[in-house]
Amino acid sequence: MAVVEIRVANHPYLTDPAGEEVLYEIKHALGIDAVQKVRTAKVYRFEGIDESAARLLAEKLLAEAVFQDYTINAPIIKDAPVVVEVAYKPGVMNPEAASLMKAARDLGIEGLVAADSSREYGFYGQDINSQHIDVILERLLVNATVERVVTEKPATLLISGRPGQTEIIPLRGMSDAELMELSRDRLFLNLEEMKTIQQYFRNIGRDPTDCEIETLAQTWSEHCGHKTFKARLLVEGRVKEPLLKRLQEATFAANHPLVLSAFVDNSGVMEFYDGWAICGKVETHNSPSAIEPYGGAMTGSGGVFRDVMGTGQGARVIASTDMFCFAPPDTPREEIPPGCLSPHYLLRRVVAGVRDYGNRMGIPTNNGSVHFHRDFRAKPSVIVGAYGMLPVERCRKGQPRPGDLAVVIGGRTGRDGIHGATFSSGEMTHRTTEVNASAVQIGHPIEEKRVADAILAASEAGLVRAITDCGAGGFSSALGEMGEKTGVRVWLERAPLKYQGLRPWEIWLSESQERMIIAVSPGNLERLLEICRGLNVEATVLAEFTSDRRLVVTYENEIVCDLDMEFLHHGLPKRVLPARWQQPALKEPQLPIPDALEDIYCRVMSHLNVCSKEPIVRMYDHGVQGSCSLAPYGGVEQDGPNDAVVLTPLLGSPAAVIISHGLNPVLNQIDPYYGSLWAATEAVSNAVAVGANPGELVLIDNFIWPFPDEESLGALDRAVDACVDFVRATGMPFISGKDSLSSTYRGKDGEVIKIPPVLCVSVFGRLPDVKRTISSDFKGTGNLIVLVGQRNLSEMAGSVYYDLYGYLGKNLPRIDLKTVTRVWKGIFRAIQEGKILACHDISEGGLAAALAEMCFGGGVGAELNVPAGERPDYFLFNETSGCFLLEMSPRENPGKVLAGLPHVVLGQTRDNPVIEIKQEGHHLCRIALSTLKRSWKEPMERIFGTPGEAREVG
């Protein structure tokens with residue numbers, strides 16, 4: 001059947017926003033001035049229809065006659081010296097293809113068997129040469145992992161092939177060297193683990209199939225098995241309990257009355273109000289995002305949404321969060337290791353991926369942050385979170401019963417995502433983008449939205465016995481875990497496929513997105529299938545739960561996997577790992593006290609870890625679902641940052657959900673114990689700053705760490721100790737978490753790059769009345785500015801201020817948990833009593849940055865007095881967490897309101913839009929708010945444009 005091509009482009013005399021965005025990037029990111037204009041066109045291909053049907057599609061669906069032209073089987077960009085078409089590689093998920101097929105059916109077009117889409121770029125300029133085009137394609141438009149340049153019209157869009165044979169791996173007779181060769185690029189297991197598997201098959205008298213060995217590698221991967229967190233550690237001659245056990249025991253000892261589910265389900269659950277519960281999960285998607293940032297970030301969002309959707313008997317997703325760590329976007333190309341993408345490209349494409357998944361699913365992305373450090377140049381940290389609601393009666397993890405059926409609903413299975421779990425468990429190397437390209441998926445959020453609706457309908461009808469998502473490891477992980485206590489028999493040939501030609505183990509391990517497994521009793525099957533049909537969600541009975549505690553997978557009556565559940569889930573060798581942390585050889589700099597602070601103030605505000613991230617936030621729809629009561633930005637011009645988001649998810653109820661987070665990778669390089677305390681303290685302080693009750697908050701941990709060698713494990717041990725101490729001191733439990741311990745890069749020349757260790761602590765909780773929350777923007781003039789909290793001004797290490805001078809420092813902020821707990825309770829009480837008008841916690845950039853942001857939000861100036869005897873620059877730029885700036889009415893008595901808390905009145909707000917700082921009458925700084933604001937906004941606007949421009953990045 002012939003392939004028909006339709007090309008659609010804006011009228012030549014109209015603007016082309018997509019082309020203008022590409023041109024901006026060519027000039028500003030690549031520095032190529034030879035290109036004077038870029039014009040773009042969409043290319044759609046259809047197989048199985050004639051030109052009359054193609055014309056109907058063009059006129060009714062694809063082209064808007066008011067401002068667009070179209071052609072059929074003919075070029076549309078005719079006058080450009082160079083025209084290049086970029087498309088997804090065959091087999092890579094193109095979300096538009098399914099929508100095109102459905103739209104054609106809705107238009108009554110018959111005979112269509114396949115569809116695809118791509119984009120053409122026309123480049124204009126007299127001095128363009130082939131080298132320019134190569135650079136533009138390589139660094140801007142084509143990610144060779146999943147995309148290609150189209151050089152000729154395809155003869156067919158169909159991907160055909162015969163299913164590959166199941167392979168028997170001659171494992172029993174392999175030497176140690178052969179075992180490791182098998183593991184290196186495919187399994188990511190160590191020699192002890194490989195020999196354990198070898199011995200298992202020697203004991204049962206046969207060699208494994210490829211499906212069996214891949215199943216074991218997935219289940220035992222660091223990503224799925226958390227084997228480092230489950231290992232005991234040998235620290236300075238003393239054996240310590242596993243990291244995960246320590247965290248869980250601290251949570252159980254806290255015995256928080258609101259916790260309904262911790263560490264047992266796809267997300268953690270706490271009690272809300274009126275018979276409802278709220279749940280939260282935060283995930284990482286670092287490895288896929290490092291090689292295909294758009295798809296990696298999309299599927300990171302989609303995966304964590306499905307974690308919430310698969311909690312209890314099904315939950316509704318109400319919020320999304322995103323926290324990123326990158327190298328500075330202007331990192332020179334020569335400093336980017338081989339096999340790695342530029343941080344500028346990574347930043348823009350990761351943001352686009354998160355945006356496109358959340359926005360299209362109708363899920364608000366309303367809390368997050370972006371952090372920069374040069375040692376993320378080999379591998380970024382991409383953290384995505386989701387929060388949901390479900391009835392208390394359906395909030396606990398379900399368990400299938402023998403005889404129940406496993407139904408897969410949602411997307412079809414393809415080759416995308418294979419080895420995602422094992423790949424995410426390994427270090428990156430210069431070969432990563434070549435060897436592990438199939439570990440990346442491209443998401444389809446519209447499919448997941450339909451799946452989400454089907455799950456809620458099935459849950460409300462009482463049809464869901466148990467549910468989980470097909471995330472890392474695909475069917476292998478989902479069915480292997482669901483059937484651990486019973487056993488399960490899988491009919492793999494029933495799995496709906498995107499195309500033919502997959503081997504059985506590829507179907508089994510594929511991480512194709514938007515798939516969920518529901519365990520349902522046979523009597524409820526037809527009702528479940530009816531719900532799915534009504535919502536246009538594909539549903540197929542894939543397996544039956546048994547009572548023999550075996551995982552048996554067949555493909556067309558051939559057994560391709562037969563494993564004992566006990567060995568699969570508990571046969572992993574128990575390890576005792578050596579861990580050693582040594583204080584880095586750091587020194588405190590001897591900095592002169594500056595005479596004037598205006599320039600330094602501007603430099604602090606423009607620092608990448610302080611500057612406004614509003615252009616990123618404005619790409620996310622944080623108002624969808626209509627529940628956002630306190631948005632990421634507020635104030636008179638809606639550009640003042642708030643510390644946390646507040647949602648009112650129950651229609652007609654004032655009950656609120658509060659979500660926040662904290663992390664600071666720089667501090668963990670100095671001392672991961674105090675860096676981790678800082679992150680947890682910052683997360684809670686953000687929530688308290690908007691009115692949260694510290695007694696009704698719960699925590700989520702995310703550890704993103706270098707590969708666990710002895711040194712990195714020593715740092716991780718200290719970080720976990722800090723978390724345990726935090727729970728014991730505050731009573732706030734961790735109820736969910738994730739570890740990603742593969743953020744090390746090894747180059748072929750021996751270069752090793754370890755990321756700064758990252759602990760992201762996320763917080764969520766409840767508040768009965770949303771009216772008792774406040775924002776950070778100053779509310780008026782003549783009001784008091786009060787500093788609350790305990791600081792040691794000699795603890796400046798890791799601060800933005802030190803970084804301006806090129807120093808890291810040694811003495812980092814050390815949080816006094818007893819004092820900060822007292823401060824949180826006092827702040828909460830004062831907010832509930834209406835004594836505080838505005839509140840902002842102190843973090844990166846210190847008191848000075850918090851003050852400026854409160855002024856930006858309120859559109860007012862401030863007059864501040866540095867106490868006598870204090871070093872002014874340290875006083876202004878110290879970053880001790882757990883401290884707050886408050887705005888109070890002059891009618892209030894701070895000494896009475898804040899009795900028992902360390903505090904000092906620093907000054908007052910003023911009409912004049914200027915920040916003036918004095919010490920004992922001496923002027924230290926006088927700077928216009930507009931000057932500071934320009935410095936604060938400019939860095940991200942250089943990359944993304946102003947929020948009003950909303951330049952496209954996808």
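Here, residue 1 is simply the first one shown, and the rest follow in order.
Heads up, the Cβ atoms here are built off N, Cα and C, so glycines get one too.
Sequence annotations record features per position, and here TrEMBL assigns active site to His223. Residues or ranges marked as active site, proton acceptor by TrEMBL: His285. Taken from TrEMBL, the feature Mg(2+) 2 binding site covers Asp307, Asp469. Per TrEMBL, the feature domain 'Phosphoribosylformylglycinamidine synthase linker' maps to 186-227. Under the heading domain 'PurM-like N-terminal', TrEMBL lists 265-389, 664-746. Annotation comment: TrEMBL describes 401-555, 781-899 as domain 'PurM-like C-terminal'.
By the Cβ criterion (distance under 8 Å, sequence gap of 6 or more), the domain 'PurM-like N-terminal' (265-389) is not counted as touching the domain 'Phosphoribosylformylglycinamidine synthase linker' (186-227), fewer than 3 such pairs being found. Ranked by CA distance from the residue listed as 'active site, proton acceptor', the recorded positions His223, Asp307, Asp469 have His223 at the top as the closest.
Over the domain 'PurM-like C-terminal' (781-899) the predicted model carries a mean pLDDT of 98.
In this structure, the C-alpha atom of the residue listed as 'active site' lies 15 angstrom from that of Asp469 (Mg(2+) 2 binding site).
In sequence order, Asn266, Ser267, Lys281, Glu283, Ala386, Asp469, Gly471 make up the list of same-chain residues 6 or more apart from Asp307 (Mg(2+) 2 binding site) whose Cβ falls under 8 Å from its Cβ. Residue with the densest Cβ environment among the active-site residues His223, His285: His285, by other Cβ atoms within 10 Å. Secondary structure from DSSP puts Asp307 (Mg(2+) 2 binding site) in a helix. Helix, strand and coil counts under DSSP for the domain 'PurM-like N-terminal' (664-746) come to 48 helix, 18 strand, 17 coil. Counting Cβ atoms from all protein chains shown, Asp469 (Mg(2+) 2 binding site) has 27 others lying within 10 Å of its own Cβ.
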